[in-house]
């Protein structure tokens with residue numbers, strides 16, 4: 001496995017692989033890797049000949065007063081983790097390598113202003129900008145993302161189509177702790193007490209899945225999800241919504257591709273979780 005920090009080194013490695021007819025799989029990440037990321041690497045390893053993991057805490061997707069400066073970082077540990085999952089190349093650039101002045105960004109309208117975008121207005125422009133740069137640098141055949149960031153995946157699908165990127169996106173299932181909490185790099189922020197309170201998210205998700213199975217409509221399901229969170233100490237709802245995964249528009253009708261999504265503050269830590277009806 002090779003670790004590189006410059007765009008030219010990535011392009012040199014990718015060029016050599018493509019000359020041999022190898023397919024390229026990319027797992028974009030911000031590091032502080034966990035088994036959620038590991039599942040993406042494993043999926044890439046099965047489908048792609050050459051697996052690239054990018055590790056870059058992207059400043060443009062963090063808003064004012066968000067956690068960019070304190071976002072957890074541990075490159076040495078991440079390198080060991082990637083090696084264990086059969087990764088071929090790690091791209092771990094500095095900010096100066098990825099961004100120069102003046103900056104050009106990829107702006108997303110409407111679909112970036114709902115759900116997570118309501119309270120994180122610049123987030124998806126930052127995500128789309130850095131991912132488009134990674135696609136141009138790595139030129140992958142496949143790119144792997146987690147379902148936990150369902151809105152992000154939908155937006156990136158639209159970006160790939162609208163900007164004519166030659167990459168196929170893969171959505172991989174949420175990976176959970178044994179007690180149900182969705183794996184997240186931000187879980188490290190939680191105190192022991194907050195860690196217990198954070199289980200209210202998966203509790204609400206699992207309750208909603210059961211209600212869907214018995215034919216309940218979205219309104220009472222969302223009401224129960226909100227009640228589970230509100231009855232848990234030290235939590236604050238950002239949003240809990242049911243949307244059509246094909247449009248991200250709110251829906252009152254449960255059907256194939258209905259997405260139940262939530263963002264909740266546990267203490268100062270913002271956590272997200274969701275489920276898609278096809279997997280309920």
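Just so you know, glycine gets a Cβ as well, placed from its N, Cα and C.
Non-local neighbourhood of residue 37 (active site, proton donor): 27, 29, 53, 81, 146, each in the same chain, at least six residues away, with C-beta under 8 Å from its C-beta. The annotation active site, proton donor is assigned in TrEMBL to 37.
Annotation for residue 33 (ATP binding site): same-chain Cβ neighbours under 8 Å, separated by at least 6 residues, are 55, 77, 78, 81, 82, 185. According to DSSP, residue 33 (ATP binding site) is assigned to coil rather than to any helix or strand. Feature annotation from TrEMBL assigns ATP binding site to 30-37, 146-149, 175, 183-186.
The (R)-pantoate binding site feature in TrEMBL is assigned to 61, 152. Counting every protein chain shown, 22 other Cβ atoms lie within 10 Å of the Cβ of residue 152 ((R)-pantoate binding site). Under the DSSP three-state reduction, residue 152 ((R)-pantoate binding site) is assigned to helix.
Sequence annotations record features per position, and here TrEMBL assigns beta-alanine binding site to 61. Of all the Cβ atoms in the protein chains shown, 21 others lie within 10 Å of the Cβ of residue 61 ((R)-pantoate binding site). In the three-state DSSP classification, residue 61 ((R)-pantoate binding site) falls within a helix.
When the C-alpha distances from residue 61 ((R)-pantoate binding site) to the binding-site residues 30, 36, 175 are tabulated, the minimum falls on 30.
Calculated from their C-alpha atoms, the gap between residue 36 (ATP binding site) and residue 152 ((R)-pantoate binding site) amounts to 16 Å. When the Cα atoms are compared, residue 30 (ATP binding site) and residue 152 ((R)-pantoate binding site) turn out to be 14 Å apart.
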